[in-house]
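Feature annotation from TrEMBL assigns active site, 4-aspartylphosphate intermediate to ASP473. According to TrEMBL, the ATP binding site annotation covers ASP473, LYS474, THR475, GLU626, PHE685, LYS732, ARG761, THR827, GLY828, ASP829, ARG926, LYS932, ASN955, ASP956. Annotation comment: TrEMBL describes ASP473, THR475, ASP952, ASP956 as Mg(2+) binding site. If you look up TrEMBL, you'll see 500-511 marked as compositional bias 'Basic and acidic residues'. According to TrEMBL, the domain 'P-type ATPase N-terminal' annotation covers 50-105. Taken from TrEMBL, the feature domain 'P-type ATPase C-terminal' covers 978-1195. Feature annotation from TrEMBL assigns region 'Disordered' to 500-532. Residues annotated as transmembrane segment in TrEMBL: 82-100, 1013-1033, 1045-1062, 1142-1162, 1168-1190.
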Amino acid sequence: MPTLQFTKTMRLIFIWITSSQSKLPEEYYNTHLSWFERVAGKGKSRRKVKKEHIYTSNKVVTSKYTILTFVPRNVLEQFRRVANIYLLGIVLLQFFGAFITVNPLAFMLPLFTIIILTALKDRFEDFRRHQADKRVNQSVFEVLGGSGWTGNPNWTKGHSRTFFRGLPFLRQKPKLDTGFEPNPDDPSVPSWLATRCDNIHVGDIVRITENQPIPADILICSTSDPKQIAYIETNNLDGEINLKSKKAVDGLTHLKSAVDCTSGEGTRFRVECECPEANMHHINGVVKMVEGAKYPVNFKTMLLRGAILRNTSWVIGVVLFTGKDTKIVMNAGGTPSKRSNLERQMNTQVLINIALTAVLALVCAIADSRLEKRFAVLGAPWLYDIDLSGDNPTFEGFSTWVSALLSFQNLVPVSLYLSIEVVHAIQAIWIHFDKDIAYDRPSSVPSQPAQTTQARNWNLSDDLGQIEYIFSDKTGTLTQNSMVFKHSVSAKFDETKGESHSFKLKQDQRTRVTPRPAPTDATPSFEGPRDKDRFKDAVLSEDIALASSYDAPSPTFTGSLDGFFTVLALCHTALASPLLRTHSESNFKHKGEDRGKSKCAISRYHLDEDIGETREYGYKAQSPDEAVLVQAAADVGYVFLGKKRERVHDVQGDTDAFVEVLELRTPICKWKRTERYELLHVLEFSSVRKRMSIIVRKLAASHSTSYSRPSSVSSVDSSRNDETRKIFLFTKGADDVIFERLVRGVGTQKHLEGFANEGLRTLTLGFRHIKEDEYTSWSHAYHEICNKIEKDLQLLGATGIEDKLQDGAAETIRDLKRAGIKIWVATGDNLETAIATGRSTNLIGPNSNVIIVRGGAKPVDQQLNNILERFFPEYESLKDYSDLINVGPSRCVLIIDGAALFFSSPSPHSSSSKSVPLCEGVIGCRVSPLQKSGVVKLVKDNLHVMTLAIGDGANDVSMIQAADVGVGIFGEEGLQAVNSSDYAIAQFRFLKKLLLVHGHWSYARNGTMILNFWYKNVVPTGIVWWFQIYCAWSASYAMDYNYILFWNFIWTIAPVVGIGLFDRVLGVPKILMDIPELYHYGRERYWFRWRDFYLYMLDGLYQSTSARKDGYSIDLYEWSTVTAVSGVLVVDIFTGMCASAWTWWLVFLVFIGILAVWAFTLTNLSGLYVFLGVTPYFWFSLLITFILALTPRYLKDNPHFDFKNCEFDQLSNGNRGGRR
């Protein structure tokens, strides 16, 4: 049974697997008596762990609410809205008899309706998060069980402290479901049991199989590889698509099965490691065996949650960190509750209106108190027969103030938030059903429906129209996780022209490598390689055919071409696995596995066509560049068949030894044979060396038994036979480090310059013959003389590889830059790759100045100060951040690495904070997930700008949550980013319409709608206010209360909601898409300015004076009816005038309120319809009121808005109307 312990500075995990009656050695108890309590049991020893040492569950929670926390937390979030607090206070005042004006239920019903509907909307949004969490938590893994193994006893959830003890049956601890399935044959036999992910605990021994995601942070005990190496894909962690190698702990490699894990002395060990921390690349610990041996625990021996096991059949490991303690979750943070910028600004406006309401009520209270003091002694007529002997003028004034607050409450409309919630919900539906931003599945998977864009947070649609900074991940977000072999150049010497030859692929002649996604139900199967993804070149095919013929031009011609592709096929660390398919089959099979689970570089080579079978090979490499190069070589006939361990006879020692042999099938031969090379050394690639080399010894070729060797051979075959037992150095790397090691140069340099100008990732290849004695001498000092051996190379050629961008990604970035949005790209790639990506995505333009800031060289602040002085000499005159934001973007793009970001100061007055707004774009390379979110927060908090973050992997979650708007991409890296996002899209190019059209429209619609909400409620409040002059400031209503009650819910609600749903700036989306510069109206907050807020308020105040009569009439009801009807008519028509386009739906909603108030007035309301309808005075009053109220706004905004004299004026006139 394992024993686990956790302290403030060190985590201790004891793994001690024996029979259930066995005890731990006494020294372990004696050493840790302060941590354990010995409890007497029935014949056996038990250990009780303190509450503070209980580990977290492995359950993933991205949802915001639980059943218990939903009501209190949601209500608390809703009452962050100032208007809800104000309206609640109004409702409470209605329960005091001295202040009651109408039935309190009339006030309670609207407020509670808003709260309930908003809660239902939030519950629906959170329900989708729960469903996504459930899919992750219920995924199944193999955990050791049986043979007395009972798992970790320390993971039990601790008791929560409450104010009362609760009922006895609730205090009883239920039996926990571990998820173990007992062995049907013999439960005592150790076995791997299917266990849910959320039932994995610290100390469990788990078995991960190929293509499975890692469920927790796990220490590797053993792997299926003889060298105890495991390969993982870390897309979700650092955004890199290349495979990374991990190594098992040396002292635990014997644990290869369930039986090995539960028997023998080697099962007794403990793990000591540091407490959980967010650093993705750091962990320190030690494995202590019972016999005293110690083995280090470091980053190379750990599998982190979120990674995917690749190219390794299985891995056995011990769980060290679960749930919230895993590094990926610590970097992600909690799910935030976001509010739109419009709502935050609206809260300030609510406070202003509340203050205005209080001031108006205070004026009424003071005037009423003074009038009572003055006229009470004079016997005023309105005080007749009222006993004033016990009145307190001060209290009466306070009572009037409260009553006036209730009379003027419409100034803060109760229906405002409800209308906004409804509009946000329907705007989310508009986005969902927009076919232009829905991704149609490939024709090869017709069963999969189109992936639509999802609005996961309905409250942020208007923020999409105000974005100033975009923070984007690169891999999987801007790119397709696909590498394309685009160019190659061979250094073969043409005897007639004396120049090297270059082969440039057409669009449909490129070799592509796509990393495999995590296996999910949503991942379509791959039906084998496609011809359009193969490396084809007519000239090259002719050259290879000529080189393999008996009349080849010369050995130089053949040797150089053959050497180029031989190095391409062998100089790598990729692994090959055969894919078999018969001619009658349409799907590939990968060693018995479904092809859909093995997306990798595929090369085709026909080996046994006579038996109706085609054998193809899939390549799995640590670098996508390697995989695409190996496939390109295979496409022209140089097929890498894999690596084998063979017994080879040692000529010098006259002995046999096991060596690693590389097998290669080449087309430069006259019969079916396989070239064989003994792998002697691999000089691995590093960012310092910028090259990779292998040293091989050529062995005798093996011949196919299906073919007979011809009697005569060509010169090239003879030369290849002569090379047997010779040693070669094959090298590939960056052109600068290869060219300085050449014996002599040839004309390949000009081709490399052309590749670089196209933004390709270039690579040069070379080789060298090594004498046997030289190799023997060198091998003894291999690590010290790597640079010495890689010299005097003969150039073979160079390649150019394209990191395939998503369709439309470069154009989208170009148009977003035209819209004035500054774009940051954060990637885990190195500096050179980041710059190449910036050029290919149009982030770095042809005339851009590239500024590079590196960590570890000069101090970062000094580098940034030098940049400011050199490129931005005017920055000294900028006073504050508003000046920085208003400065137009320069042609400078800042490239900064993660180390520099770590040492840069977050202060708002630092050089980094000053230089960022002055650049048109920033590229961060080698950036950790936590640094991504830190940069977003730094920009958002210091510059006070609207930010959007977009990514597709778990390493982007923290960045997505930190931004004002987070966008997740349905990618091949799982659903972590989508589950944490506010909007989910299928392709990066969809971001263009999401921002330029839906964002622009939503912000314009919602801003205009809210301004009209304030305006339309000032009108009735103003009418009631002016009426106080004629009713002695008694806070009386100016019209029948039914008109006031239905003002916000029937008479005037439809037009403003119609603007929020159906208004269209410029009428059609095409103009907004074609002219991204129009987006600047949203960035500059044009649609919701404070100036417009005050103008709308003044409009309402003026129109309230026009809508009222002189205050004298035959009857109060007659007076109020004329005022109410004319007020509704003016307000609804005015709201329609504020729309940019009169669609049929908008016209209907404008006039539905007018018809409704007329229908209500024609009811038996005091019999007024009998004589009002036939009175010319009534109709004339309506006409005069209508003209007087609307003329000022019509003259000011002719035809609609004050910016019509600019581009909107010219574009809108021809684009009005239309239907949604």
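Glycine is no exception: its Cβ is also placed from the backbone N, Cα and C atoms.
Structural mapping of features recorded in TrEMBL.
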residue	record	Cβ neighbours (10 Å)
ASP473	active site, 4-aspartylphosphate intermediate	30
THR475	ATP binding site	28
PHE685	ATP binding site	20
GLY828	ATP binding site	27
ARG926	ATP binding site	22
ASP952	Mg(2+) binding site	32
ASN955	ATP binding site	32
ASP956	Mg(2+) binding site	35
Subset of recorded positions (ASP473, THR475, PHE685, GLY828) lying within 10 A of ASP952 (Mg(2+) binding site), CA to CA, in sequence order
ASP473, THR475
Could you give the Cα-Cα distance between ASP473 (active site, 4-aspartylphosphate intermediate) and ASP956 (Mg(2+) binding site), in whole Å?
7
May I ask for the distance between ARG926 (ATP binding site) and ASP956 (Mg(2+) binding site), taken between their Cα atoms and rounded to an integer number of Å?
13
Positions whose Cβ lies under 8 angstroms from the transmembrane segment (1045-1062), at least six residues beyond its ends
102, 106, 110, 410, 413-415, 419-420, 422-423, 426-427, 1005-1006, 1008-1009, 1012-1013, 1016-1017, 1020, 1128, 1131-1132, 1135-1136, 1138-1139, 1143, 1145-1146, 1148-1150, 1152-1153, 1156-1157, 1160, 1220
Work out how many Å separate THR475 (ATP binding site) and ASP956 (Mg(2+) binding site) at their Cα atoms, rounded off.
11
Please state whether DSSP places THR475 (ATP binding site) in a helix, a strand or coil.
coil
In the domain 'P-type ATPase C-terminal' (978-1195), averaged pLDDT is 85
Cα distance, ASP956 (Mg(2+) binding site) to PHE685 (ATP binding site), nearest Å?
28
In which DSSP state, out of helix, strand and coil, do we find ASN955 (ATP binding site)?
helix
